[in-house]
Amino acid sequence: MKMKNFLSKSLLVLLIGLIGVKSADLSDCFSSRSTWYEAIQHGNCGYEQLTGKLGPGNLMIAAAATALYNGSFACGECYEIYGPGGTGKVMIVDQCPDPGWCDTPFPHLDLSPTAFNTTIGSTVGVAMTTVKKVSCDVTGNIKAYMKDAATTNTWFEFMVFNHRVGIASISVEDSKGTITSLPRRLYNYWTYNGNAASFPVIAHVYSIYGDQVDIYLTSSAGAQLYEGVGQFADPATTFADDCTAPFPVDTDGYIYDNGLVKPLNYNHPNLGWSDWSNGVTVNWADSSTPGADSTSKVVASGTLAYNTGIQIGTDLPVEWEGRFTALEFYIKADKDFTGLVVEYNGASKSQTPSLTTTWTKYTYDLTKDLGAPASLGKPAALKFRNNGSGSVKVYLDKIRLTPVASS
């Protein structure tokens, strides 16, 4: 065993690792989706209690979908999440098992309640987010924990944790100089299973960027905690720190255009506009009448009895000031009608357009005409409500929030 080399290499990495503790960006921004779960302790990565001796020391954690978990190689890595409620950093401590959410190639993260409330809020159960991989804000050296089991010098397992970046591989070198590469298990332990190892041994821990930190293991006895001589350094990267949370609706303002609009064609929960209608069945793909212009293949229609209406909403906050100025739409009816009210839930004003049997475009200033609330997301909803006498069939097309640049 080359103790001199062991100490010199490890001390070098220790000094490099102490130069800075701020996270480094380790990937470009990418689209993700997040849910939340409550059973956050004792996750698949083996950290047991999150605030215990093996855990990250806080509850800002996530369980990664199969594609991200990568057979436990994601354990201990960190991601910064940009959501509709804010930004937060999480460590991967578990694998997300839910079919449909977590077993697809899409990068899904199941968050702790703390992380979900920080980045998304408490009013929804799922949301789209923007994510990037970052180095972890851990302090101190890399650590190892010998499994609490009947370990021997021919079979032992240990977990390595408290690392700033991901681990690529581990090998052990015994006191006779024999080096053995170890496999990583799905439960995040590294296994030695072979000829009797001559203790003490050195665990050579290699990062995904090629750094090496060594951990001196004195015996195969289980439930022992060890500290390495060093910490991985942040790699030099050129990734831009320009992530933003996905805007929950179409940034060009379209609410209805041949269907209720989903931004960027993401057909995921909470993104885009949905049918929140009250007491009326809306045909969102009515092809029985020509649309307002040549690009219209279908329109929206519904027969409104008294005090029922077509309602359109979205779950996530839509803070419109500085982005949109007005609501515009085309409307007609099966007869002349003056009892329709256009309004938002929680708004201070409403409008009553006069309907005819031909398409008419209306544009209402969100502030002056509609007194729109600061957010057009839940609980606000756009309503086309019958406040007149008798029923009326209403047709709608090209519903849009007018962007500032277009006003």
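Residue 1 is the first one shown; counting continues down the chain.
Positions of Cβ are set from backbone N, Cα and C atoms, glycine also.
Marked as disulfide bond by Swiss-Prot: CYS45-CYS75, CYS78-CYS136. Among the features that Swiss-Prot reports, domain 'Expansin-like EG45' is placed at 42-141. Here Swiss-Prot flags ASN70, ASN117, ASN387 as N-linked glycosylation site. Here Swiss-Prot flags 1-23 as signal peptide, drawing on sequence analysis.
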ASN387 (N-linked glycosylation site) CB neighbourhood, other CB atoms within 10 A: 15
Packing count at CYS75 (disulfide bond) (other Cβ atoms within 10 Å of its Cβ): 29
Pairwise CA distance, CYS78 (disulfide bond) versus ASN117 (N-linked glycosylation site), rounded so that it is a whole Å: 18
Residues of the domain 'Expansin-like EG45' (42-141) by DSSP state, where helix covers H, G and I: 14 helix, 32 strand, 54 coil
Cβ-based isolation winner (fewest other Cβ atoms within 10 Å) among the glycosylation sites ASN70, ASN117: ASN70
When distances run from the Cα of CYS75 (disulfide bond) to each of the recorded positions ASN117, CYS136, ASN387, the nearest one: CYS136
Closest of CYS45, ASN70, ASN117, ASN387 to CYS136 (disulfide bond), Cα positions, recorded positions only: CYS45
Count of other CB atoms lying within 10 Å of the CB belonging to CYS136 (disulfide bond): 23
Other CB atoms within 10 A, centred on CYS78 (disulfide bond): 25
Integer Å distance between the CA atoms belonging to ASN117 (N-linked glycosylation site) and ASN70 (N-linked glycosylation site): 26
